[in-house]
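> My questions all concern the structure below.
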Amino acid sequence: MSTAGKVIKCKAAVLWEPHKPFTIEDIEVAPPKAHEVRIKMVATGVCRSDDHAVSGSLFTPLPAVLGHEGAGIVESIGEGVTCVKPGDKVIPLFSPQCGKCRICKHPESNLCCQTKNLTQPKGALLDGTSRFSCRGKPIHHFISTSTFSQYTVVDDIAVAKIDAAAPLDKVCLIGCGFSTGYGSAVQVAKVTPGSTCAVFGLGGVGLSVVIGCKTAGAAKIIAVDINKDKFAKAKELGATDCINPQDYTKPIQEVLQEMTDGGVDFSFEVIGRLDTMTSALLSCHSACGVSVIVGVPPSAQSLSVNPMSLLLGRTWKGAIFGGFKSKDAVPKLVADFMAKKFPLEPLITHVLPFEKINEAFDLLRAGKSIRTVLTF
């Protein structure tokens, strides 16, 4: 029996308050309005940014259905939707691409002017309303996606059709973590063959930076982390050296400068700490180095830096979603994965049923997982 045009009752993980566990609730998901798409979720990754929302360091209105790194199948579409049809495999996009605004038309940027849910989260779709309700009350959306639900509704500028043969429990990582890291290397920094790179932080995103540096042909990839247990995986994915700052008495940037004849060509901060952002900047060569901020810093914090750190020729950059224009890039990234141009499987350390979402967050907080994928 078709569910198109009808309210769907399903299970979702609802966060009612900050610092509290998710609760699995019976919710109602309204049909998509014009230019909206309702998706039956198949798999979703658990990302550190979701945990930032739980802790309150990343503001989002509550109660909400979180999750932003998922993949699923289109259940129904609203009036005017032409980019997907029911039955298509898709990835929701937390960084939309309208294709019409000034930024979408700019060749060097990817932050669509409709990305208000990232910069000024309202917890709603573009029309300002929610499609979720629970116990008779509206439930907020989360950055255009809300993948912690058996069904979700997104705007049609926030969804990408992908290869019908793609394994959704793998390519869901392309919805955030992998693309953010990989793109920071190949799209934002534009790592060059034979170059030297330093990657600060070896979580799922940091390891994806390592994959990007290797794919781009870097000759030396130095992985930096205080957890030595992460070094084996980093080397498996392409790191040539692994160092722990706690093993040295001098600042880590000085260690890296000595290892690389004055500094690396490219450095990446994938932790979200202000002190390591400065260390990453100073670890790249003062005359030609490029440093990329990848990690999301805590809200309402600012960074001070000596202008001389930049005046001689360093470049300091940052980007959301690896600098990729989402609707254009996601199908290509999925195709590249299918063509075995890069791996995703080594990033997935745990696969759990959706109902065990709180266990997945426990693994994340304990540093015991790289990526946990929840399946519906």
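Cβ coordinates are placed from backbone N, Cα and C, and glycine is handled just like the others.
As annotated in Swiss-Prot:
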type	residues	note
MOD_RES	Ser2	N-acetylserine
BINDING	Cys47, His68, Cys176	Zn(2+) 1 binding site
BINDING	Cys98, Cys101, Cys104, Cys112	Zn(2+) 2 binding site
BINDING	Gly201, Leu202, Gly203, Gly204, Val205, Gly206, Asp225, Lys230, Val294, Gly295, Val296, Arg371	NAD(+) binding site
MOD_RES	Lys235	N6-succinyllysine
MOD_RES	Lys341	N6-succinyllysine
> Enumerate the residues of the same chain, Cys47, His68, Cys176 excluded, that satisfy the criterion Cβ within 8 A of the mean position of the Cβ atoms of the recorded Zn(2+) 1 site; list them in sequence order.
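The answer, listed by sequence position, is Gly45, Ser49, Asp50, Gly67, Glu69, Phe94, Thr145, Thr147, Gly175, Gly177.
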> Would you mind reading off the Cα separation of Val296 (NAD(+) binding site) from Ser2 (N-acetylserine), to the nearest angstrom?
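Counting only the Cα atoms, the answer is 41 Å.
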> Could you tell me which of these binding-site residues, Cys104, Val294, has the greatest number of Cβ atoms within 10 Å of its own Cβ?
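Buried the deepest by this measure is Val294.
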> Of Cys47, Cys98, Cys104, which is closest to Asp225 (NAD(+) binding site) if I measure between C-alpha atoms? They're all binding-site residues.
Cys47
> What does DSSP assign Gly203 (NAD(+) binding site), in three states?
coil
> Which one is it: of the binding-site residues Cys98, Cys176, Val205, which Cβ has the fewest other Cβ atoms within 10 Å in this structure?
Cys98
> Taking the Cβ of Gly203 (NAD(+) binding site) as the centre, count every other Cβ atom within 10 Å, in any protein chain shown.
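Total other Cβ atoms inside 10 Å, all chains included: 23.
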> Give the sequence-ordered list of residues that share a chain with Cys101 (Zn(2+) 2 binding site), lie 6 or more positions from it, and have CB atoms under 8 Å from its CB.
Cys112, Cys113, Gln114
> For the recorded positions Ser2, His68, Cys112, Gly201, Lys235, which one has the sparsest Cβ surroundings, going by other Cβ atoms within 10 Å?
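Comparing Cβ neighbour counts within 10 Å for the recorded positions Ser2, His68, Cys112, Gly201, Lys235 gives Ser2.
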> What is the number of other Cβ atoms found within 10 Å of the Cβ of Val296 (NAD(+) binding site)?
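That number is 18.
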> Looking only at Cβ atoms, how many others are within 10 Å of the one on Cys47 (Zn(2+) 1 binding site)?
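Looking across every protein chain shown, the total is 26.
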> CA-CA, which of the recorded positions Ser2, Cys98, Cys104 lies nearest Val294 (NAD(+) binding site)?
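Considering only the listed recorded positions, the nearest one is Cys104.
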> Where the distance is taken from Cα to Cα, which of the recorded positions Ser2, Cys47, Lys235 turns out closest to Val205 (NAD(+) binding site)?
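Nearest listed residue in space: Cys47.
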> Would you mind listing, in sequence order, the residues at least six apart from Lys341 (N6-succinyllysine) in the same chain with a Cβ closer than 8 Å to its Cβ?
Thr215
